[in-house]
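Visitor: Once you've had a glance at the structure underneath, I'll fire off some questions.
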Amino acid sequence: MGIIVDRGEIYVARTYQRFPVAFVRGQGSRLWDEEGREYLDFVSGIAVCALGHCPEVVVEAIKDQAQRLLHTSNLYWTAPQTEVAQILCENSFADRVFFVNSGAEAVEAAFKCARRYSYQKYGPGRHEIIALWHSFHGRTMGALSLTGQRKYWEGFEPLVPGVKHVPPEDISALTEAIGPATCAVILEPIQGEGGVRPLSADYLLEVRRLCDEHDLVLIFDEIQVGLGRTGHLFAYQGLGIEPDLLTLAKALGGGLPIGALLGRERVMSALVPGSHASTFGGNPVACAAAKAVLETLLGPDFLDEVRLKGAQLAKALERLRRDFPELVLDVRGRGLIWGLELSFPAKELADRLFERRILTVPAGEKVLRFLPPLTVAYREIDAVVAAVKEVLGERGS
Ligand SMILES: *Cc1c(COP(=O)(O)O)cnc(C)c1O
């Protein structure tokens, strides 16, 4: 093993079960390790590198901004931050944007904004947030408390009080959970880490109706599936149901850390001066990168192309299910996020693909997740599916 891996094993906290490789360079859908070996990347830094590795427009924007101004704090305005806010608002339901540095922070901001909105309108005591089982919203204490997977809670309880979980796709469970103390509902339009489970438009429509009826803040966590991943700029746009707040991160900075909370004025106005803050949030370099990412996603035909590629990947995965019905139990996804539900641990398949220098990542125990760059080539999709077929064939025989 190389020196980078060895040193990491000694000095870096063991929170990740890492693949034994250190990458030194990336371009498009490809990564190269210390020894110069090439890998095909269908993880994209966990849905971060939507435009592939080191996209020229993003690298140039970063270089240009880095030469001018690295940081000012939010005591002052900068052009990149105001421009990104304008682009996000002009292309979504939102009126205002609050900038942070990661997904968990965007969720924390949504948590606080929803509670504060209710507090200003109804006074104290109306603070409960309803989240879904199988959801993932991040690892900080507020986001972890919303996350509906017990394995992530182990050893960290007590969680933040005032969170209830209900099963997805179950409207009567949600109706029952809503009480006089409820202020918000949070969900991922497609549950990502929880196993790539898209929520149905029927269910989301009912959730929206219930939120309107009880004046609950509806929060969509689009940290993984927003920003072109589903073939729409935002996943909700493909469903025709609008949230009141929406969280973004991952792909927003094209590889730099940045997150955002988007919202309607009615709700965002709860975040008055002094109520919430972030020193780095909306950093000019991260925002220069985000501007380049957004302009690319909004360019002519970009999202149409994502839908076409997604259809090809979906069709190929469906074929795998037909060819290996005992091994592939389900195929779920939209656009360019897909999950293959297997009858055996997904880590095994990910490891076999890794040996073939193809990067994939499990989503839960038995779902293998595909998150290629949105710029992936058709032949790269074919190459990955062919490799999966080969591995399944070896296993099946
Ligand atoms: C990744 C993710 C988060 C957490 O983002 P971090 O940047 O890791 O804090 C939250 N919600 C969803 C849906 C995610 O996929």
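Cβ from N, Cα, C; glycine included.
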Visitor: Among Phe136, Phe302, Phe324, which is the one TrEMBL gives for the pyridoxal 5'-phosphate site where Gly103, Ala104, Asp221, Glu222, Ile223, Gln224, Thr279 also bind?
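Guide: So, going by the record in TrEMBL, that would be Phe136.
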Visitor: Going by C-alpha positions, which of the recorded positions (Arg139, Lys250, Ser278) is nearest Gly103 (pyridoxal 5'-phosphate binding site)?
Guide: Lys250
Visitor: Hey, how far is Ala104 (pyridoxal 5'-phosphate binding site) from Arg139 (N(2)-acetyl-L-ornithine binding site), Cα to Cα, in Å?
Guide: 6
Visitor: Fewest other C-beta atoms within 10 angstroms of its own C-beta: which of the binding-site residues Gln224, Ser278, Thr279 fits that?
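Guide: Counting other Cβ atoms within 10 Å of each of the binding-site residues Gln224, Ser278, Thr279, the minimum falls on Thr279.
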Visitor: Which whole number of Å gives the largest C-alpha distance between any two of Gly103, Ala104, Phe136, Asp221, Glu222, Ile223, Gln224, Thr279, the residues noted as binding pyridoxal 5'-phosphate?
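Guide: Result: 25 Å between the two most distant Cα atoms.
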Visitor: List the Cα distance (Å, whole number) between Thr279 (pyridoxal 5'-phosphate binding site) and Lys250 (N6-(pyridoxal phosphate)lysine).
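Guide: Distance (Cα to Cα, whole Å): 19 Å.
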Visitor: Taking only C-alpha atoms and a 10 A limit, tell me which of Arg139, Asp221, Ile223, Gln224 are near Lys250 (N6-(pyridoxal phosphate)lysine). These are the binding-site residues.
Guide: Ile223, Gln224
Visitor: Please check the binding-site residues Glu222, Gln224, Ser278, Thr279 against ligand 1 and give me the ones with CB under 6 A, sequence order.
Guide: Gln224
